[in-house]
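Engineer: One structure is given below, represented as structure tokens, and several questions about it will come after.
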Amino acid sequence: MTVQLSDEAYAVVEGRHADPFRYLGAHPEDGGTMVRVLLPDAVAVEVIGDNGDVAPLDQAHPAGLFVGPLPGASPRYTLRARFGDTTVELQDPYRFPPILSDFDLYLLGEGTDQRLYDKLGAHPMELEGVAGVGFVVLAPNARRVSVVGDFNFWNPLRHQMRVRGSGYWELFVPGARAGDHYKFDLAGPNGEQLPQKADPLAFAAELRPKTASIVVDATTLPRPRPAPENINALSAPMSIYEVHLGSWRRKEGDQWLTYRELAEQLPAYVRDMGFTHVEFLPVSEHPFDGSWGYQPTGLYAPTSRFGSPEDFCALVDACHAAGIGVILDWVPGHFPDDPHGLGNFDGTALYEHANPMQGRHLDWGTLIYNYGRTEVVNFLTANALFWLERYGIDGLRVDAVASMLYLDYSRPAGGWIPNKFGGRENIEAIDFIRRFNTEVYGKFPHSTTAAEESTAWPQVSRPIEFGGLGFGYKWNMGWMHDTLNYISKDPIHRKYHHGQILFGLHYAFSENFILPLSHDEVVHGKRSILGRMPGDEWQRFANLRAYYAFMFGHPGKKLLFMGSEFGQEREWSHDRSLDWHLLEYPKYSGIQALLRDLNKLYRSLPALHQLDCDPFGFEWLITEDANRNLFAWMRKGNDTRARCLVIVNFSPNVYQDYRVRVPFPGRWREVFNSDSAGYGGTNVGNGGEVRTLEGLVPELSLTIPPLAAIFLTPED
């Protein structure tokens, strides 16, 4: 049978047709039904009608185009194809109805589909009783999109997709299943071949250096049990242990722990240490280990370095079972330009800005999301909701917020484009951030969001209706820089830098602050936290103990990067485990014991956490004793007698009969002393308690230990 091929047929066999359904599949013709099938490498093809009748199809083109009449009246049919010596029966993807409904397309076009991840990507499903996988991807400027994978020998002609409204391409692939590897193969606007792309909404991916996406049936993922309901409340204690999963601990052969091995070890350790939360450095799939996860290519996929999505669920569940909240470091500000990633996705700047003065980050060599596109904003906000809904995550810490807020961030004069008002504020990014926070808190009111924002942008953690950005918390980068600079000075010089400790309290309640001693402070030549401490061996450890106590007595929630809790000497490296062997030595185990006790005290004393973000929870008592490097303040809780006196001595001298006024007469118990011998100190202190002196105003006469902090509370 000679078949005259149309231009449309050539477009299909040459892989440049935007809607192959118009040609392939079953179509009425000359009073009957004609079936057209594209099966590259097939030697012969037969069509089996719904009535069981079999008819051979004629090869109309050597690329694998077969054409012939459909036996019977039913539009349903099966194909029987011979590939070499193998004969298989298979379903024709071009006989099935669309995946996306008109309402789906409406929401996608609006950019308001909060459950975008239920529509886009790869989803195992059943259509007309046939099992397979539905694939959907956004590529509005592509000339042709195919899905390639294990199910079609990675041949882009086999499963060409059809474009629907707003540039969404879709195809149901019968026989594909969970576990299959796949990518999208695209022809650009001018028909040019593009690098094969990973699925932007894939739920799993291959281990680097491979880059294929993996089909996951997300409906079967176990749901982690919830964390305690009010774990993120402003009035609750929040002490966060920041963790890089690949270097917390290693097993034999310097191998990573898996998610399930981490589930057996990490939550128990965090609970024993008294932390309330863990914060994971980004777990989204990323190609480069050295990015620490901050250059993700798969925002919806937990990295395969440590296991499967089910395994990650087990880790979250184990944390929740231990009463530990889970916060993820989330990166919606930029992405890498790896060929398989989001950059130039459909041959155009789809996710990023086309102009490099807007679309490329000069410091990191990454691409910047175009927050002016509704599809991009929908993609990012839905991703935030995805982690909270599918994995039970309790909060998101948003990375590099300052780089999102300012159009001139880290750009030279003349190297940036002002907004429509001539200013440097990124109006679209501000709108995105507010929408993100609105949707997160609207759907998950007990969750939390935190901003790593390093400038003086106002009201980062204030309600949107009052002009804020809507975050729950903001990292206090100013406190971190000032106090680390102060503590790194020799004590004899600290009196000249007294204001660095005082200054932070001028703005301590302008935001809901987290005090961060994060991974960024122990890399790139900055040294470890212990490595910054001046003096001889004893002074270094005493300084560190005093500094940690100062931090836990200071208003604000707490965050400490792994290893700092026991005095890691070396800078952190993502390529090796923490130096756990140091705990064999008392000076390091003493630091660990101090952190454990500080966490316990912070959680148990309402005065230390209830009003962390409220000026009524803090009162300066001594601010002007610069010559002694000494500070004193009162922390307060909601109850009248919920008080904790904090005194910090950043000098190596012991001060006897040091007078401090207090609100209540009677006994005050010394509940914490960083100079305790149990922590490696000299055991100078007040014998566990002290009584107020007789007089009109209650006053304590105290012995202040060297390079140390003491906490005292009134006896009931």
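The first residue you see is number 1, and the count goes up from there.
The backbone N, Cα and C atoms fix where each Cβ goes, glycine too.
Annotations for this protein, taken from Swiss-Prot, read as follows:
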ACT_SITE  Asp399  active site, nucleophile
ACT_SITE  Glu452  active site, proton donor
Engineer: Under 8 Å Cβ to Cβ from the residue listed as 'active site, nucleophile', same chain, six or more residues apart: give me those in sequence order, or none if nothing qualifies.
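Structural biologist: Listed in sequence order, they are Pro282, Tyr294, Asp329, Trp330, Val331, Pro332, Gly333, Glu452.
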Engineer: Which secondary structure state does DSSP assign to the residue listed as 'active site, nucleophile', in the simple three-class scheme?
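Structural biologist: SS state of the residue listed as 'active site, nucleophile' = coil.
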Engineer: Taking the Cβ of the residue listed as 'active site, proton donor' as centre, how many other Cβ atoms lie within 10 Å?
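Structural biologist: A 10 Å sphere around the Cβ of the residue listed as 'active site, proton donor' contains 20 other Cβ atoms.
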